[in-house]
Amino acid sequence: MTLLITGDSIVSAEAVWDHATMANRELAFKAGDVIKVLDASNKDWWWGQIDDEEGWFPASFVRLWVNQEDEVEEGPSDVQNGHLDPNSDCLCLGRPLQNRDQMRANVINEIMSTERHYIKHLKDICEGYLKQCRKRRDMFSDEQLKVIFGNIEDIYRFQMGFVRDLEKQYNNDDPHLSEIGPCFLEHQDGFWIYSEYCNNHLDACMELSKLMKDSRYQHFFEACRLLQQMIDIAIDGFLLTPVQKICKYPLQLAELLKYTAQDHSDYRYVAAALAVMRNVTQQINERKRRLENIDKIAQWQASVLDWEGEDILDRSSELIYTGEMAWIYQPYGRNQQRVFFLFDHQMVLCKKDLIRRDILYYKGRIDMDKYEVVDIEDGRDDDFNVSMKNAFKLHNKETEEIHLFFAKKLEEKIRWLRAFREERKMVQEDEKIGFEISENQKRQAAMTVRKVPKQKGVNSARSVPPSYPPPQDPLNHGQYLVPDGIAQSQVFEFTEPKRSQSPFWQNFSRYCEGIKKPNRSKRVSDYDDAGVDFCSGNILHSGCFFYHWGFPCCSTAGSLQFCI
């Protein structure tokens, strides 16, 4: 290492841990940053550079790159001619390796070394922290420990078996001949347990943050670290290790494939392992994103009026597709226009408000686990006795119930059919890895919705909970439905598009002017300007109380009264 630096070679290291510091002469960095090592004469503290910043940093916080690019002359202190000692936790660099086999040996040895080092970290977490926490029932409940540590013990057991198989495939005499690709393929299903841990990690950090406000917990965790003789890193740093580890596998396998000849017996296995691990990390990231978006689903549900039944988050975590279609539920039934929201496991049916088209009313849901999608050719359907175009069915095999849907265009029908296939695929993948939203995450989403301040103005109804009462006639109730700060003309322009008035309604309006205003309380004048023609969208004259089909009606913003 020293020979590389003194020989004007560039020695690069990758940060494994975050190093936050306020000291002037220390170098701050985050995990994943690349550091140029300038001085390694001290075994514990090295001098390095990131961009234009230089400073001291802990040597244990970084991992040297396997293959340094610059060449140096061989010296007496070279260790294993540039090989990484698999029995140590650090990389021993000597004379640079000049052929593919030697380069591959470097990568193999690094993988073995980091796996052994990682196993030690998992053991320290399970025995140094979790085991001690379970002894203190006065400080930790079972639920708290589940949130903080997640399924770390399952990961520890899995990694022990994985490393045992790696050891069997490792060729200690000629590391480049090792065939470790099959190990990743044999254990590919086991890596999915990281999904649960990664999804829970944010909750773990939040719970730890609350506990650390109490000095008792600070002292307890520090005592656990010292008792287990762990390096000087806080517990949240140790708990971050599995998240970092699962993201490192594709990088390591890509490096291994780079230095593996195509005629090597391990080449096709490494290539397949790389594809598998990339898929695992991609899916884990996708599920992490889904959990981060559950607050939006909870907020959407709160905006839907007249909600009934269980919450969306009780079964679903992703909105897959949404659109408006015509729908018939039973033979000879009436064609109804509905807005459909397809989630995993269920599809929610809503109806738009007649005036406020941005307001939705809950009208039911369909359990997608019980239905199959049936594509239908254009023509006439004998069961429903209707002509069909751009249609498809949802058929319940158990009850023989059928829902018939009509898309406006063929392209829209194709998108719906594709969305249904995606929904089934997502459900199957979630069942495979055991993905679900924890009760704690559901509570957090519900709390977030309650904390969102209700908006004022045109969109105020979108914040009203499902128990929103039916609209009331402002002439019979002493309250406004239109906020004082908004011009009513603006409100109605928003809710009803402008259109030319027919001669019938012009004559009708003149007829209304001749009708004597009913005798009401003195405060009626306060609400006279709230009247609106529900067909034309025009605001009526002050004091105009018009009649429709012989029955008095009054329409206001967001509250349309059909007195029929």
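Cβ atoms here come from the backbone N, Cα and C positions, even for glycine.
Note that this is a predicted model, so its numbers are computed, not measured.
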*In Swiss-Prot, which of 100-110, 276-286, 419-429 is tagged region 'Interaction with GPHN'?*
100-110
*Name the residue range among 171-190, 451-470, 491-510 that Swiss-Prot annotates as region 'Disordered'.*
451-470
*Please give the average pLDDT for the region 'Interaction with GPHN' (100-110) in this predicted model.*
89
